[in-house]
């Protein structure tokens, strides 16, 4: 089981990894030594907002502002689930 | 280079983009590893692509959708224009990987490469101790140099992957090898059992481990994974089983001409770095554009998809997963590049794999007695 995601945690990409929009693929990709994760739209949207300053609640607020049509309870839970999973996979770190 | 999803981008012809470009800048290398994957006749290729030609290749590949770029060789640090190439690659948006022995590296160069935008350095180690490393690489000083440079690479803030080629002479020392990688601060370690191409094929019986050795090594790796997890150390261990002991053939390169493209030092464009030994000639980027080579050339289309397959692959459900295995291995073992990879138990030639394992079990040679990869030895193959 993944650890619960604290609202005040500030996640950032793992050092040396890079998030990039790939026009040829029409999506964000996460690039790391000799490999690549091809991200779906929501994963790309979430990771794009990890700027090293926003904590989880600010991240959820920003996503809610950008995607007002999404049911807000579901959105918050989806973001937390994704962050827990991405953290478990080693894509993102926090201090 | 294993963890890349299959390309889902496709042009009108249904052929995916080459997401991976391997730039083999040179076949020159100061080391003499008897399992080198360079062609046996590497000494015949002396007319290396220029800086300008490489920049043009990178631009073409990037425009086609390539995003991962490996600078390899030979030893890529032999090229004095490496920093220039890295800088241009990074400006183009590639994720840049340097795949190196670390010979030719120093702290100034580490910083210059960092400044140029290099994303990652992969360093090869030959063993866990200096004596075995010297016997494998033919250089008494290389091991200490590698350790010093690995520390400097981490100190400079790079992610670092260590690659250790395993074979019968060093695999029993795996515990010490992993401990060394841990102490060097590696982010990931590729424990890559030697595959039988190039010089390794030449020295095959002197390199293949026994099944018992392999089982002990896998158990050691599993134990280390638990130990690393318990102490919260994030160092991934990737254990690559030798094809000769694999249960199923590997999905070589994710399929022929599917996601991976190699440009050799002389400009030959290949579906993988071993393919130039096949009995076919490959297009050269000095004569044709990369896009035309990738999508339209006969060699890149010859083993794409599954229309070329024969029995047993043709009628096998696993063809979608393993693409019939490796064309080079099929050719090396059966003389027919369109045969089923003999690694597969359904191959009528699978007995060749069993016979090689048997022959290896009685090969008495020490690692120093194998044929070293060297210009002198290579010239023998150039004449053939």
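Just so you know, glycine gets a Cβ as well, placed from its N, Cα and C.
Nobody curates TrEMBL annotations by hand; they come from automatic prediction.
Here is what TrEMBL records for this protein:
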- B:15-231: domain 'Radical SAM core' (DOMAIN)
- B:29, B:33, B:36: [4Fe-4S] cluster binding site (BINDING)
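Of the chain residues outside the [4Fe-4S] cluster site list B:29, B:33, B:36, B:31, B:32, B:35, B:38, B:74, B:101, B:137, B:199, B:373 have their Cβ within 8 Å of the site's Cβ mean position.
Around residue B:36 ([4Fe-4S] cluster binding site), the same-chain residues at least 6 positions away in sequence with a Cβ under 8 Å from its Cβ are B:29, B:198, B:199, B:200, B:373. Counting only same-chain residues six or more apart in sequence, the Cβ atoms lying under 8 angstroms from the Cβ of residue B:33 ([4Fe-4S] cluster binding site) belong to B:126, B:136, B:137, B:138, B:165, B:199, B:372, B:373. Residue B:29 ([4Fe-4S] cluster binding site) carries neither a helix nor a strand DSSP state and counts as coil.
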